[in-house]
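Asker: One structure follows; several queries about it will come next.
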Amino acid sequence: MSNSSPKEQNAAADLQSFRNGEPSLTYTSNHDNDDADESAIIDDDEDEEAHQQEGNTQNQGEQSPVRQQQDTASLDSFSSQPSLFVRFIRSTFGFRKTTLTLAVVLSYLFVILVNAAFEKQSLVIESPEPAILTKAWTDLQVISKDIHPFDSKANDEVHDYILERTRSIAATKPYIEARGDNSTVMFNQPDLFNSSSSTNRIIYFESTNVLVRVKGTDPSLEALLISAHYDSVSTSYGTTDDGMGIASMLGILEHLADKKTERPKRDIIFNFNNHEEIGLLGASVFFEHPWSDKVKYFVNLEGTGTGGRAVLFRATDTGIISHYSNVRSPFANSFLQQAFNGGMIHSETDYRVYAEHGLRGVDIAFYRPRSLYHTRRDSIKGANRESLWHMESNALDLVLDLGYNSIDEDLSPSIFFDVLGQQFVYFSLDNLYILNISLLVLIPVLSIVLLLIVKKRHTWHIYSTRGWLRFPITTVFSITFVTLVGRFFLFHDAMIISRNWFTPLIALTSLFLIVSYIGLNFANWVVPIHDQKLAILLELNSLLWIATLWATVEIKRYSNVGNYAITIYYILASLSSLFGLLALALKPRQRIELPEDLDEEGDNTRGVQQRLKEAALKSFSYDWSIQFLLLVPIWLLVTYSFGGLGLEAINQTIQESNALGEISFKFLGAVAVLLGLSVLPFVHKLNAALTVLLAVTCAISSFATLVGPVFDYQHPLKLRFVQQVTRAGETQVKVFGKHGFIEPVINDLPSVKQLKRNYTCTELSDGNGQCVYDGQRPWLVDGSAVQNEFENLLTVKVLSDTNTGKTRYVPFDSDLEIKAVQSRHCLLLFNTTTFHSGNGVDKYKNAPVKQVSLYHKLQNNTRPEMKDNFALSFVPSGHSVDENGTDIYRLNQGIDEFLVDKTEWNQDTFHVGIEWLYDWSEESDGDKRDRNLGVTVRCYYGEYDAVSVIDGEAKRKIPALDELLQYAPVDVEISNLDRGLAYLEQYVEL
């Protein structure tokens, strides 16, 4: 128990409170000079309130002359007035609220403006305009003149144009050759969008690719493939998807054929492929061509948006990605590759086919805005030369670097990103793993060493249990508020992020900073500690150490290429915190003497303490500015760069499923937190005026997010259309989209209102819905109205069937003749009582169909004779061709679907053989029909932007779609739902 008087206790308490504040001078009492426990630190991080008190201390308390003389003598080394210049430097660059606030505001503005400026700069076309760009733009105009899906006459016209262009270019050089490809392929294609699906879809496809080979000077080198597809979907002109890729390839070919261009060292093969949109088939059939045998590397050009910059978002390995560092305007990020791999983006490109065939290469694509992708807004009107040149010039630089140089054999996965479109950074995942391990060990060791030095020298007075919980508690509260508000946005209207991700990002970032400011400022006021920013930096560094450890495990287990930013954050926080510790470790210890008696009454004690504060204010340190510059600007730049890129890529995926919407909002919240996290070490020193501004910004941004239109012309709602024609003459229109948004569009259609047509809407899984109504009948082929009746467009005949119900343990053989007038592709689906294609009653049961055949030669309208009834025993697994030219595919696991694509318009008939086994273990005692095989034949038509001549009168092919396009609101766009825009379906039982 203390024997001191209350006044002594008050003075000691005041002194202790002062010691635990933010002093920077070491002081000791004359009463006990050698007692280390009496030392304390006066922090450089002075409060502005102390500045205000500086002018008042002259008049504060009339002390006795003797006492005043003692105080002055003890502090005379610190009482000299600094020069005007020194005071200017201190007021401008000291750790003051105004200075810090200005630095924070400038950092955020810098990051936003510099990103926009450099993006604009990267789209500038050099002057004069390159000749290959001028020609490529003309090519693009011709290619995207009409909507040209695979099953359209316009598709043939595009094919002929590309073939003519390439042949004319090839004619200028003896080592360039161009040809049309007529290869065929029959293969098993898994579900492209669901890796867990066990569906086996057998596809027969006839190629209409256009191939060009530029022979290199060294035939021993493996060839480079450059690829893009020239077909569009049925509802789009395909200007960006993928006309720009085709036009870029033609421009590159023009450059290679130029008389000033040297012949490349390795062969460069161009694959202008067809039918990518419905199954990546043009890339798949390429491997049936002999030129594919020599190909080892590839560059795939795609378009999943409608302009902007073309991003390199996937690469197979470090060796191949290293060559991208030589392009003139790099734009790439492996974060998108991880998002693609993780299912955040539901699309696929030919990259997948080439990579699965063991090729090494990259995927370059346009990526925004996704809501215009596959709609008629993807047209030449919405395109520009700048976007075309960005893809063409970068692809040209990459192709030249790969074609003229040796290629690194580093096959390890790579992380990569660009810096403002000026520099390209890449390194292997193995090297990142090593770097992370090194940092996880080195940084803690350095921190501990410096902390021990600081503790020994008593230059940082902070208790082991005091002040260390404010950062985690405040951060948890801030993240909780951000999460709650983000969830409120989501539940209020999940579609708001589809139109605009920037406004809610501003709202959530402002909210995070406000809550953090309140929490940390309150903690600093209640329990002030010496150098709070350093304490928070160390805690932030510890948090990032854990995150880096997790990211390192992800690298080892899953080859995750998207978490590289965590390593950057850890490095930045480490540099900033280590610098703070180093500054304390090297700081000289200055001592002042306190009077021996702290128990005198009156204002003497208060005067001494006030003079101590004045002295502290005159010992300035500017290490905060270095810490700020090491941490905040680069952190914000990294976060905004990959965060903005990611949000632009995924924000409109909410229209595809609620699950993707959840991911989008979570990612939005994560970016908002990351944008605020780097400022937390300094946030308690922000000017209160800025917090008011942040509150206003948060309120305005939230209001704009909640009350603004969900969709607009630039960010429309996307609905998907298909029309089914039934044998009974029904013409059902199916419109698919987000549940609740379809009905208003259908309600306003003239045919629905005038004819009082009923429609039914069904809520499907994952927030989607489908509405069905009777639409205007389609006119699919030229001729008479009778020729457009169902029975004259699609007929399915059973030519033979061995399922008599008597044989049990041998395969059944059935032959079908399918006549589909002017349809280029038909899909066969199979079902029994226990199995249905795509929706098996028992998901563990194999499909009954074991073999499908496509006959090209017939004998008396029947297939050629087989050796005996045990056909399955004589056919190898997989694809084979018999002596009659019949394509056969056998799969013992069972075949779920069979898709037949053809290229000849006049070849209306498909002849298909099916061999199947009934599962007799499930034999029913009921009707014989329980042992039958059901076959659904569905044939598609994709042309709509054309007319059919019906009995001498021109009629639009699919008027129901025309009506929907014409009367849908300006903020609604229409895309295709299925393989075509209309289909006919017939069911037979074997």
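Backbone N, Cα and C atoms are what each Cβ position is placed from, and that goes for glycine too.
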Asker: If I go by Swiss-Prot, which of D218, D241, D293 binds Zn(2+) 1 at the same site as H229, E302?
Answerer: D241
Asker: Of H374, H390, H458, which does Swiss-Prot put in the Zn(2+) 2 site with D241, E277?
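Answerer: Swiss-Prot lists D241, E277 binding Zn(2+) 2, and from H374, H390, H458 it also lists H374.
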Asker: Are R96 and R956, as given in Swiss-Prot, on the same side of the membrane?
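Answerer: Domain labels do not match for R96 and R956 in Swiss-Prot.
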Asker: Report, in whole Å, the straight Cα-to-Cα distance of N884 (N-linked glycosylation site) from N182 (N-linked glycosylation site).
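Answerer: Between the Cα atoms of N182 (N-linked glycosylation site) and N884 (N-linked glycosylation site), the distance comes to 19 Å.
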Asker: According to DSSP, which of helix, strand or coil covers N651 (N-linked glycosylation site)?
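Answerer: Assignment for N651 (N-linked glycosylation site) reads helix.
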Asker: The topological domain 'Cytoplasmic' (684-690): which same-chain residues, six or more beyond its ends, come within Cβ distance under 8 Å?
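Answerer: Result: 45, 95-98, 100-101, 104-105, 517, 520-521, 523-524, 532-533.
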Asker: Given a 10 Å Cβ-Cβ cut-off, pick out the one of the glycosylation sites N194, N831, N884 that has the most other Cβ atoms nearby.
Answerer: N831
Asker: Have a look at the glycosylation sites N194, N651, N758, N884 and say which one has the shortest Cα distance to N831 (N-linked glycosylation site).
Answerer: N194
Asker: May I have the DSSP-based helix, strand and coil counts for the residues of the topological domain 'Vacuolar' (556-565)?
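Answerer: The counts are 5 helix, 0 strand, 5 coil.
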Asker: Counting each residue once, how many in the topological domain 'Cytoplasmic' (684-690) are helix, strand and coil under DSSP?
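Answerer: Split into helix, strand and coil, the topological domain 'Cytoplasmic' (684-690) gives 5 helix, 0 strand, 2 coil.
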Asker: Near the topological domain 'Vacuolar' (556-565), which residues from the same chain, at least 6 beyond its ends, have a CB less than 8 A from one of its CBs?
Answerer: 334-335, 337-339, 342, 413-415, 417, 429, 432-433, 638-639, 642
Asker: For N194 (N-linked glycosylation site), identify the closest of the glycosylation sites N651, N758, N884, judging by Cα separation.
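Answerer: Closest recorded candidate to N194 (N-linked glycosylation site) by Cα: N651.
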Asker: In the structure shown, with every protein chain counted, which of the glycosylation sites N182, N651, N758 has the densest set of Cβ atoms within 10 angstroms of its Cβ?
Answerer: N651
Asker: What is the interatomic distance between the Cα atoms of N884 (N-linked glycosylation site) and N758 (N-linked glycosylation site), given in whole Å?
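Answerer: Cα of N884 (N-linked glycosylation site) to Cα of N758 (N-linked glycosylation site) measures 52 Å after rounding.
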